[in-house]
Structures are given as C-alpha cells and as structure tokens.
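These come from TrEMBL:
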- 43-63: transmembrane segment (TRANSMEM)
- 75-95: transmembrane segment (TRANSMEM)
- 115-138: transmembrane segment (TRANSMEM)
- 150-169: transmembrane segment (TRANSMEM)
- 253-274: transmembrane segment (TRANSMEM)
- 295-321: transmembrane segment (TRANSMEM)
- 341-363: transmembrane segment (TRANSMEM)
- 383-405: transmembrane segment (TRANSMEM)
- 510-531: transmembrane segment (TRANSMEM)
- 551-578: transmembrane segment (TRANSMEM)
Amino acid sequence: MGCGHKDDKASLASSQIVSFSHQPHQTPSTPASKEVWKKGGRMFSILLAVHLALLACTLVSSGAFEKIAVHDYDVFFLLTVMMLIVIVWIIFYLFGTSWCPDAILCKDSHAGPIWLRGGLILFAIFSLVMDVFKIGYYSSFYSCLSAIKIIYPIVQAIFVVVQTYFLWISAKDCVHVHLNVTRCGLMLTLTTNLAVWMSAVTDESVHKAHSKLKKNVTEEIFRWLMKAGMRSSSAEECNCNSQICQIFKNGYFWLYPFNIEYSLFASAMVYVMWKNVGRFIDHHSHHIHRLKFRLFRRTFFVGIVLGLIILVSGLGILILYEVQVNSSTESSKKSQALTMYYIFNIVCLGLMSLVCIGGSVIYRFDKRDMDRHKNPTRTLDVALLMGAALGQYAISYYSIVAIVASTPRDAISALNLTYALLMIAQHTFQNIFIIEGLHRQPPKEDHKHNSHQKDLYGLTFVNINAVSLRVPDSGSTLAPSTASGTETIHPSDFVRSLTAPKKMNWRRKFLREISMFLLLSNIILWIMPAFGARPQFDNDTELNFYGDSMWPAIVDICLPFGIFYRMHAVASLLEVYIMS
C-alpha cells in the first residue's frame, strides 16, 4: 500500500504518459488509455457502495416506524461507524496518498468550481450550528437517552469539518496511486453522505407529520409517534419542558434543510472525484477557461431587480403561510393562505417559463460553438437536473389526476391544477435553458483585437483622421507593415473596434439577466418548501383522493428531490451566468 508500490494500472498509465510526451500531436485520451482507469476497482467500489446504501436505507426506513424492532439509535450507530471510517480514510488520503510521488499528475479544471465549494462551506456552517443545537437538545435529558444520540452529532460535526476541508483542497484531483483504495474510499464517502441525507429527510418528515397531528390527536397517538431509544421506560422523563430545550429542538429542525443540501452537494463533488481517479487529461483539448465573476458589470439590473422582488415577496408569503396554516385552526385562514400561496407560485412559475423560452430563443442566435469535450462535472450536472426534476414531476402528475377526477371543484382546486401544470412546464423549459447554457463554449477573447483596441482607446481625444498617418497613401500597404513588424490600422477599423463590442454583447447581457432572475427565483422556490410551506399536506383534494397513507408517502419520497432540484438549479444557473 506504500507509495512505491503502485497498481499495475497506474504503472501502465505512467508509461503511456511518457510515451505521449514525445508525441505532442497525439492525445492520451485514446480508447486504449480509457480502458486503463475504467475497470477493476471501479466495479468493486460500486458494489461496495450499493450494499452499504441498501443497508443504510433499510435501517433508516425501518427506524421510522414504532412497530418495527429497529430503533433510531441503531441507525445512529451505523451512521457513526460509517462517518468514523470515512474520517480515517480522508486523513490517510490527505497525509498519505496525496503526498506520494506522481500521485496527482493533473487536475480537472471543471471539477469543484469556486461557487460550488463556496456553497458547500455555507451549508457546512449551518450544519455545524445544527449539530450544536442537537447536542444541546439531547444533553437536556441525557440521563434517559442512549449515549449514541449524543455521540452522533459530535461525530457528525467532526465529519463535516474534515470532509469540507478535504473537498475544498482535493476536489480537482486526478489521483494515480492507490487507485482501488481511493475509489473505495470515495464511494464509502458518497454512500455515507447519502445515508446521512436519508436519515435527515426521514427525521424531518416524521417531525413534520408529528407537528401536523399534534394539535388534533390524543396522547396515545402522540406517544406512538415518539421515537424509541430511551433507557427509562417512562416517556415523560424525557419530555422537553424547559425553554432552552425547546429552543434547541426547534432550532435544529429549522436547520435540517441546510444539512440535507450539504450532504447532496458533498455527494456530487465526491462522485466527480471518483470519476477522475486514474484519469488523464489532454491539455490540448481540455481548455482551461479563467472566467471572472462580474455581478455588476455588463448588466441592465433588470434580472436582479425582478429576482429580488420575487425573493422578498416570497419571504413575505412564507411568513404569512406559516402563521395562518401552521399556527391557526380556522379553515378560512387556511384557504386564504393556500390561495395566496398558489397565486404567488403561478405568477412566479409563469414568468420563469417565459424567461426560459426567451433564453432558449436567444441561444438560437448565439454564435458560440458547442463544447463537446469530455466533462464529468457537466455530465453529472445534467443527470442531477433531469433526475431531481422527476420528483416534482411525480407530485404534479399525482395532483393533476386527483384534481381532475375529484368532485366538486372549487377555486383552490383550479389554482392547484394551474400550479401543477406550470410546475411541469417550468421544470422542462428551465432544464432546456440550463443544459444548453452548460454546453456552450465561454466567450472567446480576441487578444489581437484587444491589443489594438487598447492602443486606439488612447487616441480617443485625438483627431481620428490623424490615425491615417500610419497608413501609406499607396496601395502597397502590406509590404511596409510586414517589413517593420507592425500592423497598420485604418480609421474605419478604429471606429468599428469602438462600436463592435456594443453590437455583439447584447445576447450575453440578456442571457445574464435571465440567469440572474432564474437564480433568485429558484432560491425562493427552494426556501418555501424547505422551511414549511408545503401545500401538499394542507390541501384536502389529494389527501382525500389517495388516502391518509398513500399521499403523505408519495410527498415524503418525491418532495426532497424537488427541493434538491431547486438548489442544484441555482448552482447551475450561476455557472451559466458566468459562462455567458
């Protein structure tokens, strides 16, 4: 396992790299070299991940039900062990694998962009705050709880810190030593993040269902909903009665959405690292585009202003919805809140659909070439967009069937039907816009044109006709310029160089406005369901049509994918904005 003993595949790969260095016109991405890093350890690591994911899924889903003899502390024990193993492997990678000679021969410039790593750090900070609240909550009645419930958030906090540091410095690595160990370690890391995500989603769903039923159920049902794991046989000893305990409890449940998104962001970055293990990058075809993020340049501010209006309005709607639906038992206030929620979303989704169609039309006039180079990060982005959208598609189609087949129909049902149809349309048009934007080449900077432009901008206050002094009167303008090594510039070229950028950049400006508007709109559409505005549980049409057991199960399974879609769309739209 030492650095001097590489895998046979790594040795063969190194010999191929040497041979290619003497042949600059050939690329290492030939079919023969691709087979070097796509077999063997990959299949074993995939099998390892599948078995661990199935085990974790079985325990997490079983631990959510009282009648099954699997308790939540069994789930916490498994997750704690998995996180500890991942922490040990990350330390081995950082201080062992990455320090080996020729361990990282190249880096993937597309993997782990700065905005993705910045989002990961933001979610990691809130996840750490959630762990602190969890520790404070469980410590309030530690005498009657299993010790694993206090150990788990401590280990999770360490796991978040170590993994975030690991992904920040190693997300672009293409490792060429310890291939099998690295692949298995990355797959174990990915599976652990998915298991933590499943546990958080299940815990949040149980808490939401408990909060909905707590106002109208008896004490017997209330105890049935409580999770097991208490040493004492008396449930009353573990009630959270103090004010500080209630603050901790409500705080960490409100922070669950950030921890959920953190696990998914980390899983996506780890998957790209796994794809890059043993990969060779041809720098002749793998262009590195150093794009600058300029938020307040080359923009009309229309997209930002409209997006901020949507964002602020959505926050107000969310607050009113929470107050009128979750804090009030009057049916009239509930109907008002649902009507207000549906109208806001219909307007927002309608605008987003129109804007996405407009952006796709602008792409038809875009002269940039399509980027067809191999890019695992972009492939994953497209797959996640298409896959995560299936969750919201499923909810929308279930709602459409229930509304059309149910009688009688009222105004809320009509709004709900419009909302479901627009949700399908908006997801479809937005995916088309984002995928097309991700496959466009960044704008090419003409350095030759820019050097002339810089020289000519210095002559702005000089008579333009004076520029003609550099141009001979005779028709043989090429000979003197070639002999002297300088290039002559005609006054008409000077005028065109000053006016050409204004004529050519209108597409980029409009695409930036569209991207920024969609980005801010997706943020509010992520915030609303993530923090409690879920009309699927408050509208009686679907609940009466599918029953009290089937419809909540459908929403609990599909809604997390819809929430993740919004946040992943934000990251993708930010990349489209920068690429425009």
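The backbone N, Cα and C atoms fix where each Cβ goes, and this holds for glycine too.
Keep in mind that what you see is a predicted model, and the values were worked out from it rather than measured.
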Intrachain neighbours beyond the transmembrane segment (383-405), with Cβ under 8 angstroms and 6 or more residues off its ends: 268, 413, 416-417, 420-421, 423-424, 427, 431, 434-435, 536, 541-542, 545-546, 551, 554-555, 557-562, 564-565, 568-569, 572
Chain residues outside the transmembrane segment (253-274) and at least six past its termini with a C-beta under 8 angstroms from it: 45, 108, 111-112, 116-117, 119-120, 123-124, 126-127, 129-130, 133, 160, 163-164, 167, 170-171, 173, 183, 186-187, 189-190, 193-194, 196-197, 200-201, 203-204, 207, 376-377, 380, 384, 530-531, 560, 563-564, 567-568, 571
Outside the transmembrane segment (150-169), six or more residues from its ends: residues with CB under 8 Å to it: 76, 79-80, 83-84, 86-87, 90-91, 93-94, 112, 117, 120-121, 124, 127-128, 131-132, 134-135, 138-139, 142, 189, 192-193, 196, 262, 266, 269-270, 273
Considering the transmembrane segment (551-578), which listed stretch of 43-63, 75-95, 510-531 counts the most C-beta pairs under 8 Å: 510-531
Long-range environment of the transmembrane segment (75-95) - Cβ separation under 8 angstroms, sequence gap at least 6: 52, 55-56, 59-60, 63, 148-149, 151-152, 155-156, 158-159, 162-163, 166, 169-170, 181-182, 185, 188-189, 191-192, 195-196, 199
Same-chain residue ranges lying at least 6 outside the transmembrane segment (115-138) that approach it to Cβ under 8 Å: 145, 149-150, 152-154, 156-157, 160-161, 164, 167-168, 171, 240, 244-245, 248-249, 251-252, 255-256, 258-259, 261-262, 265-266, 269, 293, 571, 574-575, 578
